[in-house]
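**Q** Below you'll find the structure I mean.
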Amino acid sequence: MTRTLTSMLIVLFSVLALANGSYLYPQFYDRSCPQAKDIVRSVVAKAVAKEARMAASLLRLHFHDCFVKGCDASILLDNSGSIISEKGSVPNRNSARGFEVVDQIKAALEKACPQTVSCADILALAARDSTVLTGGPSWEIPLGRRDSLGASFSGSNQNIPAPNNTFQTILTKFKLKGLDIVDFVALSGSHTIGNARCTSFRQRLYKNTGNGQPDLTLDQSYAAKLRQNCPRSGGDQNLFFLDPVSPTKFDNSYYKNLMAKNGLLSSDEILFTQNQQTMEFVKQYAANQELFFQQFAKSMVKMGNITPLTGKNGQIRKICRKVNS
Ligand code: HEM
Ligand SMILES: *[C@@H]1O[C@H](CO)[C@@H](O)[C@H](O)[C@H]1NC(C)=O
């Protein structure tokens, strides 16, 4: 693209962004840090080559960031002064990971373009790159998020759905963030990669809510296998693949698993068992990977647009773990 065309597009996007009150647009760094996207991708690629699970961990960080105070990198702040880190919340403690990779990305970006690329945008880009690197769809990311000056420990505990929440509770938590039932089904497809700890699904194996019996929407031979390494007590941190069929490949096997009663988390299986509408989507995505990929990309853009800080709000952190002094 010629320079003038690029400039015209940037002006056009800025005007459009101003008009609808949001300032995010894909070309945000085209002039201020043209290497930004390449730098993020190359650090993510190295990290994922070293450990395949890192793709899943980075994808999840963006989700846990966006559901708390919007996509503002609040999840990356460590404890200090008045800040109670979101890293210690129930959904994140002993669970959220990938922070060192984000540090590496930030260090590389600070070298190339000091105080230009936000940590919130790093999370959005790393989530996309992680999806692509594991075989999933790609999408263009509106950029220009800025970083928060604080965190919300309580928001992290309250807004992020728990694996044993009811269907309605999870749907409500999505709706509170401007996401709908389609986003709920499509974004849950992230569980086609990555791991979960025994503590996140133990209840299903032994004493489920209601009748105190094992959850019969979980295939019973699969449940028996899970019990071997997820005992009634102890082994809380033992790890299991969310999608045992292809744990490091971003594909639609997650939805096929749900249809075979092989969804690991209760929050996964209920998409097929508790609601007619989501059941239809599960069937469609299981039958048509391309359809899943298209919706996933759309829903990721939507999630990435949850109340970002823009313009003069927030800051561009120099180190993602702390606010600038
Ligand atoms: C629909 C409600 C959701 C619930 C209840 C939920 C819950 C969970 C739980 C309990 C784990 C395992 C954590 C652990 O045991 O340490 C997990 C892992 C994961 N979640 Fe979700 N999740 C949801 C939606 C999402 C969304 C929207 C995304 C991304 C867009 C996502 C991406 C992931 C990924 C990639 C992992 C694996 C992480 C790793 O291996 O490090 N989840 N989720
Ligand atoms: C969900 O899991 C949490 C943590 O294990 C537990 O304290 C809570 O009682 C469970 N809720 C229901 C409704 O089973």
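The count begins at 1 with the first shown residue.
Quick reminder: no glycine exception, Cβ is built from N, Cα and C everywhere.
As listed in TrEMBL for this protein:
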{"type": "ACT_SITE", "residues": "HIS64", "note": "active site, proton acceptor"}
{"type": "BINDING", "residues": "PRO161", "note": "substrate binding site"}
{"type": "BINDING", "residues": "HIS191", "note": "heme b binding site"}
{"type": "BINDING", "residues": "THR192, ASP243, ASP251", "note": "Ca(2+) 2 binding site"}
{"type": "DOMAIN", "residues": "23-324", "note": "domain 'Plant heme peroxidase family profile'"}
{"type": "SITE", "residues": "ARG60", "note": "site 'Transition state stabilizer'"}
**Q** Nearest to the residue listed as 'active site, proton acceptor' by Cα, among PRO161, HIS191, THR192, ASP243 (binding-site residues)?
**A** PRO161
**Q** Measure from the Cβ of THR192 (Ca(2+) 2 binding site) and count the other Cβ atoms within 10 Å, all protein chains considered.
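**A** A count of 28.
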**Q** From the Cα of THR192 (Ca(2+) 2 binding site) across to the Cα of ARG60 (site 'Transition state stabilizer'), what is the distance in angstrom?
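**A** Approximately 12 Å lies between the Cα of ARG60 (site 'Transition state stabilizer') and that of THR192 (Ca(2+) 2 binding site).
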**Q** Among ARG60, PRO161, ASP251, which recorded positions lie by ligand 1, judged by Cβ under 6 Å to any atom?
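**A** ARG60, PRO161, by Cβ distance under 6 Å.
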**Q** If you count Cβ atoms within 10 Å of the Cβ of HIS64 (active site, proton acceptor), leaving out that atom itself, what do you get?
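**A** There are 21 of them.
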**Q** Neighbours of the Ca(2+) 2 site THR192, ASP243, ASP251: Cβ within 8 Å of the Cβ centroid, same chain, sequence order.
**A** GLY189, HIS191, ILE193, VAL245, SER246, PRO247, LYS249, PHE250, ASN252, SER253, TYR254, ASN257
**Q** Quick one: give me the count of other CB atoms within 10 A of the CB of ASP251 (Ca(2+) 2 binding site).
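**A** Summing over all protein chains shown, ASP251 (Ca(2+) 2 binding site) has 19 other Cβ atoms within 10 Å.
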**Q** Measuring Cα to Cα, how far is HIS191 (heme b binding site) from ASP243 (Ca(2+) 2 binding site) in Å?
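**A** Taking the Cα atoms only, HIS191 (heme b binding site) lies 7 Å from ASP243 (Ca(2+) 2 binding site).
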**Q** With every protein chain in view, what's the tally of Cβ atoms within 10 Å of the Cβ of ARG60 (site 'Transition state stabilizer'), excluding that atom itself?
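**A** The answer is 23 other Cβ atoms.
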**Q** Going by DSSP, give the three-state secondary structure for THR192 (Ca(2+) 2 binding site).
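**A** Its secondary structure by DSSP: helix.
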**Q** Note the mean pLDDT of the domain 'Plant heme peroxidase family profile' (23-324), expressed as a whole number.
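**A** Across the domain 'Plant heme peroxidase family profile' (23-324), the average pLDDT comes out at 98.
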**Q** I'm trying to understand the geometry here, so how far is the Cα atom of THR192 (Ca(2+) 2 binding site) from the Cα atom of PRO161 (substrate binding site), in Å to the nearest whole number?
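**A** Between the alpha carbons of THR192 (Ca(2+) 2 binding site) and PRO161 (substrate binding site) there are 18 Å.
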**Q** Ranked by the number of other Cβ atoms within 10 Å of their own Cβ, which of the binding-site residues HIS191, ASP243 ranks first?
**A** ASP243
